[in-house]
Amino acid sequence: MATFKDACFHYRKITKLNRELLRIGANSVWIPVSSNKIKGWCIECCQLTELTFCHGCSLAHVCQWCIQNKRCFLDNEPHLLKLRTFESPITKEKLQCIIDLYNLLFPINPGIINRFKKIVNQRKCRNEFEQSWYNQLLFPITLNAAVFKFHSREVYVFGLYEGSSSCINLPYRIVNCIDLYDRLLLDQINFERMSSLPASLQSVYANKYFKLSRLPSMKLKQIYYSDFSKQNLINKCKIKSRIVLRNLTEFTWDSQISLHYDVINNREKILTALSTSSLKRFETHDLNLGRIKADIFELGHHCKPNFISSNHWQPASNVSQCRWCNVKYVFRNMDWKMESMYNELLSFIQACYKSNVNVGNCSSIENAYPLVKDMIWHSITKYIDQTIEKLFNVMNPVEVDGQQVISFHWQIDVALYIHIKMILKTETLPFALTLYQFGSIIKGIVNQWYDVTELDYLPLCTEQTDKLVKLEEEGKISEEYELLISDSEDDDQ
């Protein structure tokens, strides 16, 4: 087990390039970090162990030892993890780059074998080759990869992933790309590698190679917002941001293939890039469709629909002295936009409900309460129209000129009044609302705060480092909004 980790340890002194590339956290002094009880393969050292969340992408793919290096497969520094990473589509040329990288960093020849024979402190006869002493030589070249599926984008991290584990909580799946290359050609490459090994190790090498190279591919798993860590989320002014650490270098390459070309033919450039790289901290916004769905589900769960039959004049989120309407604690760590949407939705529905239904106070039990929760849950789904129609029908609509309408004459605040006029594109609000107008107002309130058609599915921490740098230069990496604060001096003028 952990052949990749052992190979990184023993091969790191072979060349100057190896000294820089093969320094992994698993072979360094252990610095304790919290464990998340997620068992899987660390994609940096390839050992099967308990994982923790990465500083660069907030996904659980790094072990408690390698986390100290703060490396991510989305960095643009050409470290070993980055060199083993390719984005889809996977071509034969990209797979050849992986094979050439393995042969460069982990060669097997008589000179290497003799070097390890001198280094290894054997306790038996020098002529014997124990597997435990020469595990680093039992490194077969396989084309297995841990695949992260970010909706339409797939990222492959190639490595020697040994053993088996349940992948239920893992953000990636292990796939075998041998059929995209050439099965017989890969067999020949490994036969040539093992030809220099002693006979006692050849059988072990061959057994390990065929076992790993013939593994069936797992079905890819779509990454969702629930897969990301919440440990690096910060809440400033009721805006959620995510702290992301990435390794940067000033050197650029046109493609990952050109980077691998320099690893083989221009090692000085790679060494310079590694020695001049730096760790940069990004504070990215966390506004994405996955988080919005999670927040809306939580909001619908904690929603107090009793507010629509109450006589409270303040916004729904500010009610604190009523046992039936108090939700103030829910918004302690929730986005300010979610709170504003909740206030406007419930204020509008309260005005409609009080205008049409003879209801006493917020302690009464009404048939509309479950529909209010459903409306919040379905506010960004395709079922919103059905829910709006059901809610409209419980408000005792009457037929006027062949159309079902409800009365609308209850008091509302000025901000909501102006917003409804903008949605309906009218100068004065009508005293009766049709189903279309009722639905348009609800959708308009939701879309004002969250236009789901323009949101990304996943957080920005899944983007490549180059894109984060570009977004930061353009001022689009953080969520910006205006605070409408009146200046007392300007007001007096």
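A Cβ is built for glycine as well, from the same backbone N, Cα and C atoms used for every other residue.
Residue ranges 271-274, 375-378, 483-486 are listed, and Swiss-Prot annotates 483-486 among them as motif 'pLxIS motif'.
DSSP places the residues of the region 'RNA-binding' (1-81) in helix, strand and coil in these numbers: 24 helix, 14 strand, 43 coil. Within the chain, the region 'Zinc-binding domain' (42-79) has long-range Cβ neighbours (under 8 A, six or more residues past its boundaries) at 1-5, 8, 21, 23-28, 30-36, 85, 146, 148, 155, 157, 159-163, 165, 169-172, 223, 227-229, 231-232, 242, 244-249, 251-252, 259, 263, 270, 273-274, 277, 279, 459, 461-466.
For the region 'Important for cytoskeleton localization' (82-176), DSSP puts the residue distribution at 29 helix, 20 strand, 46 coil.
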